[in-house]
Amino acid sequence: MDFTPNLVEIYTLYGIGSCMIFARIACRTKLVGVRGWHPDDYIIFLSWSLYTSVTVVAHVFIIKAGGKHTSLLTHDDRRLMPASQVPAWEYGSKIFMLGQMLYASIVWSLKFNMLFFYRRITRGLWVEKLIIPAIAVVAITGTTVLLVFTCTCRPFHKLWQVWPDPGHHCEPQNYVFFLSVLTMNMVTDLIIMLIPLPVITNVQVSLPQRLGLYLLFGLGIFCMIAAVLRVVFVFALNQSGISAMWSIREDFVAVFVGQAPMLRPIFTRGFWTGETDSYGKGSKAKSYGNRSGNIELDSNPDHSRHSRKGSTAAFGGGKKKDPYSVTQIMSESQEEIVKGGDGDMEAGARVVTQRESATHLTVNVQRTVQVESRETTADEARYEQRVERWV
């Protein structure tokens, strides 16, 4: 097999991207277990399947089709081409179109993945209301891209027709395809980037932590840059021969950007030692162990309403808590202890009352803490606790 430099790059990017995806899956599974997965944890399997498919298609396009597609032919090339060469150009054009559709499918599946991730970590905040409209926009633009691919040239088979010349709008690599995808890609990326921005801007954290948040949630800018470069290199610089490679590179950037925020817990000591507190900073969490996971005692009074459900989980029937769920975060917010002016902290008295019946166990936990008041909105208070995990 002739591994050209392009093939080496393709498989290198695919290997790195796949490692990030499976590291993200392993991270989520360790944190919450398979039963604690959310929609974004399932969507990523679709994204990886599409990513694998486009890698195989790129291999076939380079090795079997020789990188040929009818967009590279002039009118005279088409007119003078021997009949024996026509099937090769038609085959290459079909593979090229398949690759373009897979490229767009990967990018849009990763947009859905990111939005459902945002929905999970912003639950209970006002920005959660923006998620569903954003998902609708992504769905509409994705459908529009599909219609552009299938309806720009009619009948569809003219996209790989060599002669008679079907015209520029029936070339696999034409302005309508590239500019339509670029426009809708940029708009949706911008929407996704702006969703967490208002809350991040107002959250009370140190400057390094704030910069870290901006970096994590602003990585989408690299997707936008890659999308622009793809069009610039193909049309402005007339390097149409490498357009397929730029599609592969943009797919890789989208995979990298989409998984990077979700890999943040891996770089904390507590993730590996299992000694994470609510913020992942190394103090052991108090919990009751069981074979299916840990059920933590927290100080959220509302949890007493669900004591029967909690007791079932404690005996092996429940799921691990999602460390990014709003219930967990809001519970943590109520446990914040702020030092007084003299530096002393008055420990609250914990009263634990257990009532055991023949059917269930109820655990009520009360905690008294000294809290210093400051002007903070409810959303900011919850989000400040949540962002500790990311920076």
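Heads up, the Cβ atoms here are built off N, Cα and C, so glycines get one too.
Note that the structure is predicted; figures quoted are calculated from it, not measured.
Averaged over the domain 'Rhodopsin' (24-268), the predicted model has a pLDDT of 88. TrEMBL lists 24-268 with the feature domain 'Rhodopsin'.
Positions annotated as region 'Disordered' by TrEMBL: 278-323 (among others).
Per TrEMBL, the feature region 'Disordered' maps to 372-391 (among others).
Marked as transmembrane segment by TrEMBL: 12-31 (among others).
Panel annotation: around the transmembrane segment (43-63), residues 1-2, 4, 6-7, 10-11, 14, 17-18, 21, 24-25, 92, 95-96, 98-99, 102-103, 105-106, 109-110, 112-113, 116, 244, 247-248, 251, 255, 258-259 of the same chain, lying at least six beyond its termini, place a Cβ under 8 Å from a Cβ of the stretch. The transmembrane segment annotation in TrEMBL covers 43-63 (among others).
The transmembrane segment annotation in TrEMBL covers 95-118 (among others). With a cut-off of 8 Å between Cβ atoms, the residues of this chain six or more beyond the transmembrane segment (95-118) that come close are 38-40, 43-44, 46-47, 50-51, 53-54, 57-58, 60-61, 64-65, 69, 71, 127, 131, 134-135, 138, 141-142, 145-146, 149, 159-160, 172-173, 177, 181, 185, 188-189, 192, 195-196, 220, 223, 244, 247-248, 250-251, 254-255, 258, 261-262.
TrEMBL lists 130-157 (among others) with the feature transmembrane segment.
Residues or ranges marked as transmembrane segment in TrEMBL: 177-199 (among others).
If you look up TrEMBL, you'll see 211-237 (among others) marked as transmembrane segment. Long-range Cβ contacts of the transmembrane segment (211-237) within its own chain (Cβ-Cβ under 8 Å, at least 6 residues beyond either end) map to 107, 114, 173, 175, 178-179, 181-182, 185-186, 189-190, 192-193, 196-197, 200, 203, 205, 243, 246-247, 249-250, 253-254, 256-257, 260-261, 264, 387, 390-391.
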Using Cβ atoms and a strict cutoff of less than 8 Å, what residues sit near the transmembrane segment (12-31) while being 6 or more residues removed from its termini?
37, 41, 44, 47-48, 51-52, 55, 248-249, 251-252, 255-256, 259-260, 262-263, 265-266, 271, 320, 322-323
